[in-house]
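As listed in Swiss-Prot for this protein:
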ACT_SITE  His76  active site, proton donor
BINDING   Phe12, Ala44, Tyr45, Asp46, Cys68, Val69, Ile70, Leu101  5-amino-6-(D-ribitylamino)uracil binding site
BINDING   Ala73, Thr74, Arg116  (2S)-2-hydroxy-3-oxobutyl phosphate binding site
Amino acid sequence: MTVKLGFVVAEFNRDITYMMEIEAREHAGFLDAEVADTIYVPGAYDMPLAIKKLLERGEIDAVVTIGCVIEGATQHDEIVVQHAARKIIDLSLEFGKPVALGISGPGMTRMEATERIDYAKRAVESAVKMVQRLE
């Protein structure tokens, strides 16, 4: 069975999320998974609605989120990631389908974010493994 993935990709810090998306797509191909649809959103905080839209489509087996939240002068990065992660978990449970957290951050510098680009592959792997193990 080919696992059909939906990607939700944040455009904020696009220089980094673009590279994360490329890594994720390549790894999906390596795992014989298909990226059936991709929705681009402004930032990580905007992901839950796009995730819900993908999960409502019956053909999507799992969703992979791709985002990068870099530390700023305030705690904004922590708030964004905490709330996005909580809602992402809620949507996974509501729809009974895996939603892999491929959002790097909070509390990291741009350099650290660049070093963690390959974390997107881990999110793809998590999504595919969960679909296979829950069948």
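Placed from the backbone N, Cα and C atoms, the Cβ positions cover glycine too.
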Greatest CA-CA distance (Å) over the residues Ala73, Thr74, Arg116 that the record ties to (2S)-2-hydroxy-3-oxobutyl phosphate?
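Roughly 22 Å, rounded to the nearest whole number.
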Looking only at C-alpha atoms, tell me how far Ile70 (5-amino-6-(D-ribitylamino)uracil binding site) is from His76 (active site, proton donor), rounded to the nearest Å.
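Counting only the Cα atoms, the answer is 10 Å.
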Tell me which of the recorded positions Ala73, Thr74, His76, Arg116 ends up closest to Asp46 (5-amino-6-(D-ribitylamino)uracil binding site) in space, Cα to Cα.
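Spatially nearest to Asp46 (5-amino-6-(D-ribitylamino)uracil binding site) by Cα position is His76.
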Which one of these binding-site residues has the most other Cβ atoms within 10 Å of its own Cβ: Cys68, Val69, Leu101?
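Sorting the candidates by Cβ neighbours within 10 Å, the top entry is Cys68.
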Pop the Cα-Cα gap between His76 (active site, proton donor) and Phe12 (5-amino-6-(D-ribitylamino)uracil binding site) into the table, whole Å please.
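Here the two Cα atoms are 14 Å apart.
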If you count Cβ atoms within 10 Å of each one, which of the binding-site residues Ala44, Ile70, Ala73 comes out on top?
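Checking each of Ala44, Ile70, Ala73, the winner is Ala44.
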Return only the integer: C-alpha distance in Å from Leu101 (5-amino-6-(D-ribitylamino)uracil binding site) to Arg116 ((2S)-2-hydroxy-3-oxobutyl phosphate binding site).
13
Which residues of the same chain, at least 6 positions away in sequence, have a Cβ lying under 8 Å from the Cβ of Arg116 ((2S)-2-hydroxy-3-oxobutyl phosphate binding site)?
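Same-chain residues close to Arg116 ((2S)-2-hydroxy-3-oxobutyl phosphate binding site) (Cβ under 8 Å, separated by 6 or more) are Ser104, Met108.
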Please work out which residue of Tyr45, Thr74 has the most C-beta neighbours within 10 angstroms of its C-beta, and give that one of the binding-site residues.
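Counting every other Cβ within 10 Å of each candidate, the maximum falls on Tyr45.
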Using Ala44 (5-amino-6-(D-ribitylamino)uracil binding site) as the reference point, find which of the recorded positions Ala73, Thr74, His76 has the shortest Cα-to-Cα distance to it.
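Comparing Cα positions, the candidate nearest Ala44 (5-amino-6-(D-ribitylamino)uracil binding site) turns out to be His76.
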Which residues of the same chain, at least 6 positions away in sequence, have a Cβ lying under 8 Å from the Cβ of His76 (active site, proton donor)?
none
Cα-Cα, whole number of Å: Thr74 ((2S)-2-hydroxy-3-oxobutyl phosphate binding site) versus Tyr45 (5-amino-6-(D-ribitylamino)uracil binding site)?
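Computed Cα spacing between Thr74 ((2S)-2-hydroxy-3-oxobutyl phosphate binding site) and Tyr45 (5-amino-6-(D-ribitylamino)uracil binding site) is 16 Å.
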Reduce the DSSP letter at Asp46 (5-amino-6-(D-ribitylamino)uracil binding site) to three states and note it down.
helix
